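Novice: I am attaching a structure below and will ask some questions about it afterwards.
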């Protein structure tokens, strides 16, 4: 069997192989979280964050247009005003804002952790086809 055929078979096998997602590690922030740029969007009480560009249900002045350097993307938790930690406006009409359910990083942790994706790799012997 030619090298090209082996490579093609291996690529086809890998493409059809299922992927497994490893365990997720909770995101964390340093200091007061002003530099936090993760994608967490849930408050300490479990409420969903309102998008920074939205005025519903809460009108506010912290928009991405007015504060372009504060990372006010989507509805992600941020700290654009030097509060004690990352926060957001909530989608609950009765609760204007809350701190986010994030923890401060310990000294040996990074700012954002991403879940690992594991792709099983078959042995090369399984990819060979005997040709008579």
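Cβ coordinates are placed from backbone N, Cα and C, and glycine is handled just like the others.
Per Swiss-Prot, the features are:
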type     : residues : note
DISULFID : 28-105   : disulfide bond
DISULFID : 49-88    : disulfide bond
DISULFID : 77-100   : disulfide bond
DOMAIN   : 27-105   : domain 'Kringle'
CARBOHYD : 101      : N-linked glycosylation site
SIGNAL   : 1-21     : signal peptide
Novice: Ten-angstrom check, please: count other Cβ atoms within 10 Å of the Cβ of residue 105 (disulfide bond), all chains counted.
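Specialist: Excluding its own Cβ, the number within 10 Å is 18.
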Novice: Under DSSP, is residue 88 (disulfide bond) part of a helix or a strand, or is it coil?
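Specialist: Residue 88 (disulfide bond) sits in a strand per DSSP.
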Novice: Using the alpha carbons only, what distance in Å do you get between residue 49 (disulfide bond) and residue 77 (disulfide bond) once rounded?
Specialist: 7
Novice: Do you know the mean pLDDT across the domain 'Kringle' (27-105)?
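Specialist: The answer is 95, the mean pLDDT of the model over that range.
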Novice: CB neighbours of residue 28 (disulfide bond) within 10 A?
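Specialist: So the number of other Cβ atoms within 10 Å of residue 28 (disulfide bond) is 19.
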Novice: By a simple count, how many Cβ atoms lie within 10 Å of the Cβ of residue 49 (disulfide bond), its own Cβ left out?
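Specialist: Excluding its own Cβ, the number within 10 Å is 24.
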Novice: Taking the Cα atoms as reference points, how far is residue 101 (N-linked glycosylation site) from residue 28 (disulfide bond) in Å?
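Specialist: Just about 9 Å between their Cα atoms.
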Novice: So if I draw a 10 Å sphere around the Cβ of the residue listed as 'N-linked glycosylation site', how many other Cβ atoms end up inside it?
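Specialist: For the residue listed as 'N-linked glycosylation site', the count of other Cβ atoms within 10 Å is 17.
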Novice: To the nearest whole angstrom, state the Cα distance for the pair residue 105 (disulfide bond) and residue 77 (disulfide bond).
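Specialist: Taking the Cα atoms only, residue 105 (disulfide bond) lies 15 Å from residue 77 (disulfide bond).
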Novice: If I restrict to non-local contacts, at least six residues apart, and a C-beta distance under 8 angstroms, what lies near residue 77 (disulfide bond) in its own chain?
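Specialist: Those within reach of residue 77 (disulfide bond), by Cβ under 8 Å and sequence separation of 6 or more, are 33, 36, 38, 40, 41, 42, 49, 86, 87, 88, 100, 102.
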Novice: Where does residue 105 (disulfide bond) sit by DSSP, helix, strand or coil?
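Specialist: In three-state terms, residue 105 (disulfide bond) counts as coil.
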Novice: How many other Cβ atoms are found within 10 Å of the Cβ atom of residue 100 (disulfide bond), counting all protein chains shown?
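Specialist: Taking all protein chains shown, residue 100 (disulfide bond) has 25 Cβ neighbours within 10 Å.
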Novice: Please give me the CB contact count at 10 A for residue 88 (disulfide bond), counting all chains in the structure.
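Specialist: Taking every protein chain into account, the count is 26.
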